[in-house]
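Everything on this sheet refers to the single structure shown next.
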Amino acid sequence: MQCIYFTSVLLVIFAQNGQTDDGGMCMAKETCTETQQEAPTNNLYKAADNKYITLIEEALAAYKPCESSNCSCHLDVLKTDLRPFRSGITQDLIELARSYGTKYQIIGHRMFRQRDCMFPARCSGVEHFIRPNLPKLPDMELIINCRDWPQISRHWNASREPLPVLSFSKTNDYLDIMYPTWGFWEGGPAISLYPTGLGRWDQHRVSVRKAAKVWPWEKKLQQAFFRGSRTSDERDPLVLLSRMRPELVDAQYTKNQAWRSPKDTLHAEPAQEVRLEDHCQYKYLFNFRGVAASFRFKHLFLCKSLVFHVGQEWQEFFYDSLKPWVHYVPVPVGINEWELEHLIQFFREHDQLAQEIANRGYEHIWNHLRMEDVECYWKRLLRRYGKLVKYEVKRDEELVEIF
């Protein structure tokens, strides 16, 4: 996936500034004019503008829209995830993988699970998607990781076979098999507005889309917006820019379970949480990873606002179908306040480009991340995984029957 790299822009900027001995400063004996002071700045804006426009044009030229009406837009991810197991999944591999997640068995179209589930709501969400498939599934065993973090590093001893562990999110450093998160149905981040987690993607699709109609593009505030806890300092530059340029950015930290003092919200009192629907009044919405991939990401597109996605490392099963500069604006980790300011300002000054990207992002998520697409991916995953199981599955008496 493409990503913008500001270093080259900054080099152009420094090179332009370095063409005069005085570094662009007006010396005491000179007659200072408004033109002399503004020309370098205008040139710098032009250089950055041209780079962004080129990136958008190149991305659109290479983009082939997915025309499918089912989950096939995402199936390349499934093929890639299952490729390490093309020679088959053995009982030995399952036993080695057992400590990395919750063990499930499907035998005779019945489902069994180990008694202790670390996160009951997460297990329940996973089981919701598996249950409708039971009548057509072969016998199999699954190790499903419901933790935030993936488990199977690709950097382990090269002679060691990868283990078949299913996780909702990962980076390229991991070989876990991705599944659509439990959070499409229940669970997910729990905050005061959503005490049991975001959950119910089908319902949020309707409610956020309704809010987007209340806030069409021409009525949205020309501000970048973010609310969330300080799970990493990657979010700090946007919050700091908000304090310097509140008319440009409204970004504030909220409390999380670990909050103890204003130090945990970058030396400010924590802000109130904001409903997903209320995000829609802003033109520019920022998404940051949390501990792993962000549950917020998919919801932001439904506002028909321009999504700025910080960092390309973390993935969910549907991320690969979203293309940078086509559906969202990619933002590198480590960007500073100055660079953020200029990036946001570019889209304020190129409103049509911003709206076009926002609309493409909305259409893609609305048409290709429906609840039926999530269910379809689960079905394809389970059936293809089941075909790889190369042993007779025998009932583990330590497991309890779920369905």
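Heads up, the Cβ atoms here are built off N, Cα and C, so glycines get one too.
According to Swiss-Prot, the feature signal peptide maps to 1-20, an assignment based on sequence analysis.
Per Swiss-Prot, the feature disulfide bond maps to Cys66-Cys73 (among others); the stated evidence is similarity to another entry. According to DSSP, Cys66 (disulfide bond) is assigned to coil rather than to any helix or strand. Of all Cβ atoms in the protein chains displayed, 13 besides its own lie within 10 Å of the Cβ of Cys66 (disulfide bond).
Swiss-Prot lists Asn70 (among others) with the feature N-linked glycosylation site. Under a cutoff of 8 A between CB atoms, and with a sequence separation of 6+ in the same chain, the neighbours of Asn70 (N-linked glycosylation site) are Glu372, Asp373, Cys376.
Cβ neighbours within 10 Å of Cys376 (disulfide bond), excluding its own Cβ and spanning all shown chains: 17. The disulfide bond annotation in Swiss-Prot covers Cys71-Cys376 (among others).
Note: Cys123 (disulfide bond) has non-local neighbours Thr102, Arg113, Cys117, Ile144, Cys146, Trp182, i.e. same-chain residues 6+ apart with C-beta under 8 A of its own C-beta. What Swiss-Prot lists as disulfide bond is Cys117-Cys123 (among others), and the listing cites similarity to another entry.
According to its DSSP assignment, Asp148 (active site, proton donor/acceptor) is coil. Residue environment of Asp148 (active site, proton donor/acceptor) contains 14 other Cβ atoms, counted within 10 Å of its Cβ in all protein chains. Taken from Swiss-Prot, the feature active site, proton donor/acceptor covers Asp148.
Residues or ranges marked as N-linked glycosylation site by Swiss-Prot on the basis of sequence analysis: Asn157 (among others).
All protein chains shown were included, and the count of other CB atoms within 10 Å of the CB of Val274 (UDP-alpha-D-glucose binding site) stands at 19. According to Swiss-Prot, the feature UDP-alpha-D-glucose binding site maps to Arg227, Gly228, Ser229, Arg230, Thr231, Arg235, Val274, Arg275, Leu276, Ala292, Ala293, Ser294, Phe295, Arg296.
In sequence order, Val208, Ala211, Ala212, Trp215, His279, Cys280, Tyr282, Leu285, Tyr362 are the residues of the chain that are 6 or more apart from Cys303 (disulfide bond) and have a CB within less than 8 Å of its CB. What Swiss-Prot lists as disulfide bond is Cys280-Cys303 (among others).
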Using the structure shown, find which entry in Ser229, Thr231 (the binding-site residues) has the sparsest Cβ neighbourhood within 10 Å.
Thr231
In Å, rounded, how far does the Cα of Arg227 (UDP-alpha-D-glucose binding site) sit from the Cα of Cys71 (disulfide bond)?
31
Taking the Cβ of Phe295 (UDP-alpha-D-glucose binding site) as the centre, how many other Cβ atoms fall within a 10 Å radius?
22
Max pairwise CA distance, angstrom, over record-listed UDP-alpha-D-glucose binders Arg227, Gly228, Ser229, Arg230, Thr231, Arg235, Val274, Arg275, Leu276, Ala292, Ala293, Ser294, Phe295, Arg296:
21
C-alpha of Leu276 (UDP-alpha-D-glucose binding site) to C-alpha of Cys66 (disulfide bond): distance in Å?
27
I need the CA-to-CA distance for Cys66 (disulfide bond) versus Phe295 (UDP-alpha-D-glucose binding site), whole Å please.
23
